[in-house]
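Annotated features, as they stand in TrEMBL:
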TRANSMEM  46-67  transmembrane segment
DOMAIN    107-303  domain 'ABC transmembrane type-1'
TRANSMEM  109-134  transmembrane segment
TRANSMEM  146-165  transmembrane segment
TRANSMEM  177-196  transmembrane segment
TRANSMEM  235-260  transmembrane segment
TRANSMEM  280-306  transmembrane segment
Amino acid sequence: MGGNKVEFSKELFEPLSSEEKKIEQIARPSVTYWQDAWRRLKGNKVALISLVVIVIITLLAIFVPSFSKFDYANNDLNSANLKPSGTHWFGTDQLGRDVFVRCMYGARYSMIIAFVSVVINIVIGIIYGGISGYFGGRIDNIMMRIVDILYAIPTTIIVVLLMTVLSKPGEAGGSDLTSIIIALAVTYWLNMARIVRGEILQLKNQEFVLAAKTLGASGSRIIFRHLIPNAMGSIIVTMTLLIPSAIFTEAFLSFIGLGISAPKASLGTLASDAMGAIYLFPYQLFFPSLMICLIILAFNLFGDGLSDALDPKMRK
């Protein structure tokens, strides 16, 4: 009996209809939130070009001052005020220093200040907004009224006052670097706190939060292990939009003389130094200003593209 074969005739089977074929198809693996966001971001050409510009400027700012044959601080009066050429791509300033190298060096410092201050802002904003949104009630009212009061004071005034108090004339630029980071960190966390609070208010009544409470999770664990990771999309988008704002503020402060002191330089100090010769040597002002505009525009466009990519409402 083991050698007997069972034969089936074709009449016993019927072909599947088109609807039944769709049901029988094996679905591809589900796409995660971040994979879907990356797919959307790749489809946004403007955002990708902006990201490429940011990466290129960042790499130039890191490597050009270190490997160029021209030093950002050495004076060469015999080469003063040279126009852009094959040797000096952006020309030289009134002291014979290569403007291209100084622009890259200034971009390095401007971006360091922006990134460090934004990271501090994110930490303060996440903690403050997370506590306010999760606990709600009287705690939320008190904390948000404090934010409203600080919002009523123009940010520029606060930063200028802090810079005036913290700056130490006559000392090396390191103290100026620290003071401007502190000034930006003290003022720019308000927007992050509001955004985090709004996200927490939307998420804290979800089922996964109720499940965590049922299992005995503490408030801090729920905030930082469950709620904040689910709000990370909005946090990242806000970060990309805070960076150009910090760069602009730093450039403004340096332009009015409250930024980094010589011999160190930022893009704002380069623009400020070039103002005295704007009619004779306009390129000395043009290139630092162009760098500021490129960085701010690239971050803003990339932030807009990232916002579209991370918006759950746009997911199909």
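Backbone N, Cα and C atoms are what each Cβ position is placed from, and that goes for glycine too.
TrEMBL labels come from automatic prediction, so no person has curated them.
Counted over residue pairs separated by six or more positions, the transmembrane segment (146-165) shares at least 3 Cβ pairs under 8 angstroms with the transmembrane segment (235-260), which defines the two as touching. The transmembrane segment (109-134) shares the most Cβ pairs under 8 Å with 177-196, out of the stretches 46-67, 177-196, 235-260, 280-306. Same-chain neighbours of the transmembrane segment (177-196): 109, 112-114, 116-118, 120-122, 124-126, 128-130, 132-133, 147, 150-151, 155, 158-159, 162-163, 166-168, 228, 231, 234-235, 238-239, 242, 245-246, 249-250, 253, 258-260, 264, counting only residues six or more beyond its ends whose CB sits under 8 Å from a CB of the stretch.
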